[in-house]
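Report on the following structure.
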Amino acid sequence: MSNEGKCPVMHGGATSATQADNHWWPKALNLDILHQHDSKTNPMAPGFNYREALKGLDVEALKQDLKALMTDSQAWWPADWGHYGGLMIRMAWHSAGTYRIADGRGGGGHGAQRFAPLNSWPDNGNLDKARRLLWPIKQKYGNKVSWADLMILAGNMAYESMGLKTFGFAFGREDIWHPEKDTYWGAEKEWLAPSGGANSRYSGVRDLQNPLAAVMMGLIYVNPEGVDGNPDPLKTAQDMRVTFARMAMNDEETVALTAGGHTVGKAHGNGNAANLGPEPEAAPLEEQGFGWMNHQSRGIGRNTVTSGIEGAWTTHPTRWDNGYFHLLFSYDWALTKSPAGAWQWEPVNIREEDKPVDVEDPNIRSNPMMTDADMALKMDPDYRRIAERFFHDPDYFADTFARAWFKLTHRDMGPKSRYFGPDVPAEDLIWQDPVPKGNSQYDPEAVKARIAGTGLGAAELVATAWDSARTYRNSDKRGGANGARIRLLPQKDWVANEPARLARVLELLTPIASDMGVSIADTLVLGGNLGVELAAKAAGFNIKVPFIPGRGDASQAQTDIDSFEVLEPLADGFRNWQKQDFVVTPEEMLLDRAQLMGLSAPEMTVLIGGMRAMAVNHGGTTHGVLTDNPGSLSNDFFVNLTDMSYRWKPVANNLYEICDRASGQKKWTATRVDLVFGSNSVLRAYAEYYAQDDNKETFVKDFVTAWCKVMNADRFDA
């Protein structure tokens with residue numbers, strides 16, 4: 001009989017691994033992505049403002065502490081050649097490098113590398129040691145610097161300590177306090193699963209699933225040993241081109257980042273990978289958050305195993321120079337295997353003086369190595385052309401890399417108005433989506449009065465303002481109404497924006513903006529606010545929608561068309577529209593859009609109800625307009641959705657009829673997006689709340705609050 005006592009408190013399954021509801025009902029809508037990062041998980045005091053805390057940070061002292069850290073080798077994890085620069089750069093790189101442009105998720109903007117799954121990805125091996133080395137500095141400066149900022153700054157200071165003039169640095173990344181639930185990393189069930197297997201991210205002829213950028217589960221970029229671990233630099237080059245493009249990088253930036261990242265530091269594979277313990281999330285308690293511990297052999301210094309590849313890329317791995325290209329182009333390279341059994345390339349007949357010295361003993365020299373990705377820069381014709389230019393023009397290489405590194409580490413921070421600190425570059429860069437400062441000294445009511453005289457209906461005004469604002473992504477802080485880019489390419493031609501209607505509205509509102517010295521961006525939002533006020537009045541409520549002036553108008557020259565193409569809505573459940581049928585259900589696409597817009601489940605619910613009541617569907621369809629008084633900001637959508645005198649029946653793909661139970665007569669039509677608010681138990685609870693007789697005014701007020709949140713989501717300048 002076991003001496004182990006039975007659980008005296010809640011059953012173990014409630015506090016550890018358990019069968020979640022979506023295990024029993026895998027097709028059920030998972031609202032968890034809207035219920036994360038709230039005050040209950042955040043230990044900071046209510047009202048804590050990171051930007052205000054940053055004002056008390058001694059930036060120069062912090063930078064000097066980081067520089068000192070680089071050469072303060074610790075016995076528990078010795079620095080290669082007495083310098084932690086390579087390790088810190090890899091930590092920063094892998095923090096920022098998870099960003100993908102398709103949905104703006106990933107990246108280093110929230111310090112997510114501290115949590116699962118990223119903290120335990122194979123590609124992040126031993127970065128737990130880098131963060132632990134930073135802990136005394138984080139402890140010292142406390143709330144004045146976030147982990148997210150500190151990890152990226154550590155990479156910057158590592159480069160500066162080794163001789164690179166960096167392009168700049170901006171503070172402003174706020175930490176999260178638990179793993180992100182909204183980021184899709186792939187469907188594979190095993191680390192580093194090769195393509196073509198079950199749940200593969202590839203289909204067809206190596207067609208990588210959107211929105212993914214990395215080639216394997218658990219990798220940041222490409223496989224350094226080759227496609228699926230099979231060396232072939234030309235095939236690897238194609239993977240690199242896709243992966244880096246999905247991170248918003250062109251060929252020149254790809255070559256610069258690869259070469260600049262490998263100019264310093266080394267890879268580690270001098271040992272037996274089988275001796276490594278489990279990753280941090282699976283490690284025993286006594287490891288205290290450390291993973292990949294080697295208790296079978298020495299496992300540190302020259303005997304460290306991380307990727308399995310072994311060696312430095314350059315002769316002098318602790319200084320910034322052009323040595324990477326010197327070795328790449330001066331020697332022929334032969335395929336071999338590391339002591340840990342990983343594929344790598346080593347030079348043929350290399351001169352002794354070109355070999356890097358051992359990390360512990362300067363009297364020992366070893367061959368440098370190149371990964372399959374490095375060899376791709378030599379063998380792919382387009383990459384080689386760029387690499388040769390860098391080889392012959394070191395200053396151009398250094399500047400190009402510094403700019404690409406800045407882009408890599410700041411791409412997910414959004415507009416420049418979010419940047420903070422003394423090292424923010426003065427230069428505006430097109431990938432920052434610059435917006436000129438707008439006028440805020442005017443009477444919004446006078447502008448609304450002019451708009452009211454145009455004859456535009458409330459639905460047209462609301463739809464146009466919504467379309468302008470809905471592109472905002474809280475993931476990378478891109479998009480939104482500021483800039484009025486809805487009037488520019490590519491947005492003005494998007495099917496989602498109903499180009500003909502949009503052109504008509506802009507034709508009437510643009511002269512008003514010009515006459516009154518107001519931005520078109522502000523004018524569009526004011527028009528939407530006016531439409532909401534008119535709809536509320538029709539429902540019997542006199543309200544004034546709050547407004548914050550000062551938006552600017554971006555120019556076409558300030559707008560990277562290709563970069564903005566990824567913001568095109570393929571579906572918008574709030575306007576009951578999708579461009580085509582997708583494998584993903586319409587309600588899942590609604591949930592994804594709501595999460596990207598930074599909405600909670602109640603906010604998503606009240607917005608759907610209000611948009612349906614005001615009849616602002618795309619193309620003027622009446623699906624889901626469950627009211628006899630369209631255009632009125634009433635709670636009729638919820639009242640009729642929850643009314644048991646009606647029954648619902650499917651009549652076509654994504655189309656349902658609402659019929660009177662007694663007569664069988666059709667009353668309305670609706671889509672899956674509409675019906676999910678009566679079907680999903682959580683959303684139905686919200687729908688019933690807003691359908692209550694005593695919540696008619698609450699519904700209007702909550703709609704206005706959520707509407708303003710959408711209109712102002714990108715106002716980091718306000």
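Yeah, the Cβs are placed from backbone N, Cα and C, and that goes for glycine too.
Annotated features in Swiss-Prot:
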ACT_SITE  HIS94  active site, proton acceptor
BINDING   HIS262  heme b binding site
SITE      ARG90  site 'Transition state stabilizer'
HIS94 (active site, proton acceptor) CB neighbourhood, other CB atoms within 10 A: 23
Restricting to the same chain and to sequence separations of six or more, state which residues have a Cβ under 8 Å from that of ARG90 (site 'Transition state stabilizer'). LEU127, ALA130, GLY261, GLY265
Alpha-carbon distance [HIS94 (active site, proton acceptor); HIS262 (heme b binding site)] in Å: 13
